[in-house]
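Engineer: Let me give you the structure first, and then I'll get to my questions.
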Amino acid sequence: MGGNKRANSHFRFCLDAACTSGSCQNGGTCSNNKCSCKSGFTGNQCDVDVDECNEFPGICQNKATCTNTKGSYACTCRAAYTGTNCSINIDGCKTDDGSSKCLNNGTCIDGEGEFSCKCQDPYIGSLCQWVDECKNVKNLCGKGVCDKHRNGSAICRCNRSRV
């Protein structure tokens, strides 16, 4: 361990020296001849940085990366999380004003860094933003076949026996 040592000439071994005003490092305070260290530091003179990442495995949550810093630590969160320890899941379903990203009463399903919408008929699209015209308009194509584009618009195809 670090710290000042003084030799006891009578017994010929070293003892930890008592702290004096100003001898405690990194903001530690001397009280009753002993340094009281601030959080993040240890040692007789508060001169040893605590590596929180190794001392407290899992301090950064949700698979975040932990980096030791002087007297502290920092977590680098994955895309879906925030907070000092990456413990807060960011709700991917909500817009900045708190409304759902899914339109037309679609149900939003929150995932890690992504979301999806389950649409109610006749809506389709990644945000339930388009109307499926084939479902919305009965007999739109008569006796033909109604195919829909990705955006919900209808294309009618005649049966081969009809022109």
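Cβ atoms here come from the backbone N, Cα and C positions, even for glycine.
Pulled these features from TrEMBL for this protein:
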{"type": "DISULFID", "residues": "C37-C46", "note": "disulfide bond"}
{"type": "DISULFID", "residues": "C77-C86", "note": "disulfide bond"}
{"type": "DISULFID", "residues": "C119-C128", "note": "disulfide bond"}
Engineer: State the Cα to Cα distance, in Å, between C128 (disulfide bond) and C37 (disulfide bond), rounded to an integer.
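Structural biologist: The separation of the Cα atoms works out to 57 Å.
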Engineer: Tell me, how many other CB atoms lie within 10 A of the CB of C37 (disulfide bond), whichever protein chain they belong to?
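Structural biologist: There are 22 of them.
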Engineer: Given the disulfide-bonded residues C77, C86, C119, find the one whose Cα is closest in space to the Cα of C37 (disulfide bond).
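Structural biologist: For C37 (disulfide bond), the closest Cα among C77, C86, C119 is found at C86.
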Engineer: For C77 (disulfide bond), list the number of other Cβ atoms lying within 10 Å of its Cβ atom.
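Structural biologist: Other Cβ atoms found within 10 Å: 20.
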Engineer: Given C86 (disulfide bond) and C46 (disulfide bond), what distance in Å do their CA atoms have, once rounded to a whole number?
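Structural biologist: One finds 28 Å between the Cα atoms of these residues.
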Engineer: Please report the distance from the Cα of C46 (disulfide bond) to the Cα of C77 (disulfide bond), rounded to the nearest angstrom.
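Structural biologist: For C46 (disulfide bond) versus C77 (disulfide bond), the Cα atoms are 30 Å apart.
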